[in-house]
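Encoded as structure tokens, the structure appears first; notes follow it.
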Amino acid sequence: MSDSPVITDVKVIPVTGYDSMLLNIAGAHSCFFSRVLLVITDSAGHSGVGEIPATQVVQKILQNAAPYLIGQKITRLNALVAELHQRDLRDEHPDMQPFPQARAWDLERHYNAVAAVEAALLDLMGQFLNEPVAELLGAGKQRDEVPVLGYLFYIADRQRADMPYQPGRQDQHPWYHLRHQQAMGIDEVVRLAEAAQDRYGFKDFKLKGGVQRGETEIETAIALKKRFPEARVTVDPNASWSLDQAITLCRGMGDVLSYVEDPCGAENGYSGRETLAEFKRATGLPVATNMIANDWRQLNHALQLNAIDIPLADPHFWTMRSAATIGQLCHEWRLTMGCHSNNHFDISLAMLAHLGASAPGDITSFDTHWIWQDGQYLTKEPLQIREGKISLPDKPGFGIELDWEKVEAANRLYNSLPVKDRDDTVPMQYLIDGWQFNPKQATLLR
Ligand SMILES: O=C(O)[C@H](O)[C@@H](O)[C@H](O)[C@@H](O)C(=O)O
Ligand SMILES: [Mg+2]
């Protein structure tokens, strides 16, 4: 039997940083974004860390998992993660009932919690074996650099909101100023892309849509492609366009859009998987999704219908190892591996990098929101995006070390927030009085 280190401590640490007033179908990003760090320590003195989106529910789930994890060998990683998937840790905490949210969201949070545990244990296993996490996933490390795209948003005028949005800095690269200023017009978005490209060397770009008229968003994509002819350009309206609208907007756009992300979704009794399949047939454009193939059963249905080409396998809900398996399947089945993202700190940046490094064959540039947060580091030597790629550190585990002073400050900021969970409606209501989410109506068309 192995003399595996055992888990001695589990810490659940919510952390908050600053964000710009980015627009999406759910409203406007708050000036704050929050994440949860899970830090697991073992008897060898190592600490492993995972990062996931922050909700209060997910924190309780992780706190419930802690007593169960302590004393376990880290080499039981596979079994521990499988057991956590099986045990419904939500039901073991009486305070957690009843859930105010719909069941689907609860499940996602359960998956988020399991993903955090798995990530932290992989980091520990890597340190125990003296190998990078990428070597422990899928087919092992395939590459040292992972391509990521420039993730662009329309940005609202922060001065219209009575919230402490940051003004940006003018003593650094222009990106660090521009990312805080209003950008609603096509030229302004192209200017943002130029600054991001100059700072990070991006080859590819994604525009978050579902905000303005579809025609305007397609015109923005055309302008981006004109400015960066070599780039793979995509638009993601988060399924807010109808199938007919999506076809009208995208048909014949193969020279501009390398793929389209969730152009349409469920409507008129047809599922999102069915409408995406029809969209693909009608336009011939490859389709990416982070909305309708988010677990094995959904993925199976999506592939049977030939609805998608690019599963965006986010390790924060798929878990690192399942996302890596999707990378392997994509390679074998002639699909393309991509990765979804949300606002995140530099621990998630390392998770994305190790996942991408393990994916065999060609992958499409991974999504990351990091450029909107870059500078707010929680690790001592954060991974960097250069020439549109993240380089893997030559170190065991994720190859990162938490900067505890910064983590504690980000945790104090979280604790000071009156409202903890993400709600893009609240900032949006400063822009349009009484604004309410409608999944089928562009944010500004009210
Ligand atoms: O506003 C955002 O940050 C995005 O809309 C995300 O919430 C979303 O999950 C996105 O990244 C996506 O690809 O759908
Ligand atoms: Mg998406």
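Any Cβ shown, glycine's included, is placed from N, Cα and C.
TrEMBL entries are annotated by machine, without manual review.
The following features are taken from TrEMBL:
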type	residues	note
DOMAIN	186-286	domain 'Mandelate racemase/muconate lactonizing enzyme C-terminal'
ACT_SITE	Lys208	active site, proton acceptor
BINDING	Asp236, Glu267, Asn290	Mg(2+) binding site
ACT_SITE	His340	active site, proton acceptor
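Ranking the active-site residues Lys208, His340 by how many other Cβ atoms lie within 10 angstroms of each Cβ puts Lys208 at the bottom. Secondary structure of the domain 'Mandelate racemase/muconate lactonizing enzyme C-terminal' (186-286), assigned with DSSP and counted as helix (H, G, I), strand (E, B) and coil, comes to 49 helix, 15 strand, 37 coil. If you take the Cα of Glu267 (Mg(2+) binding site) and the Cα of Lys208 (active site, proton acceptor), they are about 21 angstrom apart, rounded to a whole number. Closeness to ligand 1 is met by Asp236, Asn290, His340, these being the recorded positions among Asp236, Glu267, Asn290, His340 whose Cβ falls under 6 Å from the molecule. Taking a Cβ distance under 6 Å to any atom of ligand 2 as the criterion, the binding-site residues Asp236, Glu267, Asn290 reduce to Asp236, Asn290. Straight-line distance linking the Cα atoms of Asp236 (Mg(2+) binding site) and His340 (active site, proton acceptor), rounded to a whole number, equals 11 Å. Annotated pair His340 (active site, proton acceptor) and Asn290 (Mg(2+) binding site), C-alpha to C-alpha distance, rounded: 6 Å.
Cβ neighbours within 10 Å of Asp236 (Mg(2+) binding site), excluding its own Cβ and spanning all shown chains: 27. In the structure as shown, the Cβ atom of Glu267 (Mg(2+) binding site) sits within 10 Å of 16 other Cβ atoms. Looking at the domain 'Mandelate racemase/muconate lactonizing enzyme C-terminal' (186-286) alone, the prediction's average pLDDT is 98. Geometry remark: Asn290 (Mg(2+) binding site) versus Lys208 (active site, proton acceptor), CA distance 13 Å.
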